[in-house]
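*Asks:* Structure provided below as structure tokens; questions to follow.
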Amino acid sequence: MIKRHLPFATVAVIALVAAPLLLEPFRLGLLAKYLCYAIVALGIGLAWGQGGMLTLGQGVFFGLGGYSMAMYLKLNEAGPGGLPDFMVWSGVEKLPALWAPFASPVFAVGMAVLGPVLLAVLLGTLVFRQRVRGAYFAILTQALAAAMVILLVGQQGLTGGTNGMTNFFELFGQDLADDSTQRGLYLVVASVLGILYLATRQLVHSRYGRLLVAVRDGEDRVRFLGYDPALVKTVTFAASAGMAGLAGALFVPVVGIISPALLGVVPSLELVVAVAVGGRHALAGAVLGAVVMGYAKTAFSEQFADGWLYLQGALFILVMTLAPKGIVGVVGRLRRARTT
Amino acid sequence: MLELRDVQVVFDGFRALDGVNLTVPEGELRFLIGPNGAGKTTLIDVITGLTKPAGGSVRFGGLDLVGRKEHQIVRLGVGRTFQTSVVFEELTVIENLDLAATFRQPLWSLARRRRGISEAVEQALTRTGLEDLAERSAGVLSHGQRQWLEIGMLLAQRPKLLLLDEPVAGMSKDERERTGELLTEIADDHTVIVVEHDMEFLRRHASTVTVLHEGKVLVEGSIDQVSADPRVQEVYLGRRKAEDAVGNRP
């Protein structure tokens with residue numbers, strides 16, 4: 001029992017105690033950003049690694065969460081009756097009706113999760129019932145990400161267009177530029193990731209997790225066991241969408257911006273690559289992949305700005321051909337080799 | 001219990017089933033035979049909802065099955081196996097059986113871990129004789145063991161009607177024998193329909209046989225009646241050599 005929880009406990013102590021003490025605020029902020037991505041990756045690990053649904057459009061859900069949060073922050077800054085800065089610049093004179101409820105932080109945070117979940121349920125119900133799967137599902141989700149970007153860019157006055165939304169100064173009365181606020185945010189992000197990780201792990205080890213693997217490996221057979229695979233997939237996809245939405249909502253105050261460039265096709269793909277590199281069949285692999293690839297991207301881009309894209313592509317090919325189970329798979333193999 | 005009336009299935013102009021009538025009373029062990037392409041598997045597919053008939057009715061326990069989804073038909077108590085067994089290789093034998101047994105539970109209740117072994121799983125395990133392999137992953141099972149696991153999964157669901165599609169195909173002699181025993185045992189308290197090619201197996205275990213030919217029921221009766229029928233000899237037994245050369249279903 002203790003042995004099983006030891007790796008998680010160690011990582012939790014490092015993340016919650018050591019990192020805030022040792023890292024300078026800038027690096028801690030970066031880590032918080034990677035952990036936000038790790039939450040999305042966890043959802044991808046669940047949907048893809050366990051459920052076989054290759055979702056190339058998690059950016060959509062991440063974006064819905066991010067924009068919900070950003071709308072609240074913007075309205076909070078503008079004050080009662082005020083307009084967000086970008087609306088003033090675009091010549092909008094009256095607050096759009098869509099925006100009004102986001103003045104409530106409860107509504108905004110609720111929608112950050114519920115919006116993605118509802119969209120995923122709608123999409124899943126339409127798509128999985130028609131038995132759309134495999135590459136077709138992947139392409140569909142990718143198209144959704146592309147469409148989302150077009151929609152956001154086109155609605156300049158409503159969404160801030162290409163620039164998105166930025167210049168957030170305050171969250172629940174705390175100054176966002178303050179180091180202690182950022183440290184607090186980091187702890188929130190790390191805790192949310194930890195809780196979601198434990199919950200997802202519980203789910204994967206439960207009967208539902210077995211059912212999900214069965215759906216991945218033999219959807220038709222599962223149907224003849226009396227289960228509705230479309231329902232199982234929809235629920236799982238919705239859970240992963242909810243995680244991405246929550247991650248988006250946390251991302252905005254941590255990083256200070258949300259824009260179409262952060263949630264389109266490329267960022268969605270990058271996360272899938274990260275999950276593959278970490279090891280998609282293990283939840284820890286998904287989380288690890290997101291953090292490692294996040295760090296690698298920062299470190300690499302600081303040295304050679306354009307080289308990262310090629311390195312990332314090469315890494316993906318390398319992992320897929322040589323170590324399909326990712327970093328976690330390689331570590332597992334080394335450990336087994338040492339014991340035998 | 002199961003009643004098919006004038007069932008028609010057309011694939012791209014080809015009449016796979018051309019007005020099949022079939023009645024299987026409760027508790028019967030019925031064998032379904034016929035040359036390749038006679039429509040045996042198609043018939044099973046129609047009963048289980050995989051193929052939609054172009055005409056006719058399929059009634060089970062007084063309910064119309066046509067138009068229901070596969071998983072809904074399973075929930076009414078109709079279970080099936082496939083020619084090529086599909087067990088979940090990444091799950092253990094126990095987990096496979098448990099997954100089958102919990103199909104009536106609401107989805108949310110599955111979010112808990114399995115604790116111990118339920119009675120239905122225990123029984124299925126004993127009946128199929130897979131106790132020693134319970135904790136092994138299904139991926140390591142032999143072909144015969146996989147078929148037994150499939151049958152065990154069916155049993156764990158406690159269905160009223162079992163449809164087995166060529167359960168002994170590709171099995172060794174010993175495995176056939178064990179499967180035959182298992183089948184006789186199951187037939188004691190279930191209604192079972194078996195699609196089977198193997199004549200020796202039929203002679204040993206069959207009671208009532210329905211012969212399908214070109215999408216129609218040709219003859220129905222005991223194995224002796226059926227094999228003595230000249231029409232059956234002509235379309236099926238007489239052509240057996242040629243068929244064996246051609247191989248299994250197209």
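Every residue, even glycine, has its Cβ placed from backbone N, Cα and C.
Bear in mind that TrEMBL entries carry predicted annotations, made automatically and left uncurated.
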*Asks:* Pick from A:35-64, A:65-94: which range does TrEMBL record as transmembrane segment?
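*Replies:* In TrEMBL, the transmembrane segment feature sits at A:35-64.
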*Asks:* State the residues, same chain only, that lie 6 or more residues beyond the ends of the transmembrane segment (A:6-23) and have a CB under 8 A from a CB inside it; answer 'none' if no residue qualifies.
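*Replies:* Tertiary neighbours of the transmembrane segment (A:6-23) are 31, 35, 183, 186-187, 190-191, 194, 197-198, 284.
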*Asks:* Looking at A:35-64, A:106-128, A:308-331, which one has the highest count of Cβ pairs under 8 angstroms to the transmembrane segment (A:271-296)?
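*Replies:* The listed stretch sharing the most Cβ pairs with the transmembrane segment (A:271-296) is A:35-64.
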*Asks:* Compare A:106-128, A:135-154, A:243-265, A:308-331 by their Cβ pairs under 8 Å to the transmembrane segment (A:35-64) and return the stretch that comes out on top.
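*Replies:* It is A:243-265 that shares the most Cβ pairs under 8 Å with the transmembrane segment (A:35-64).
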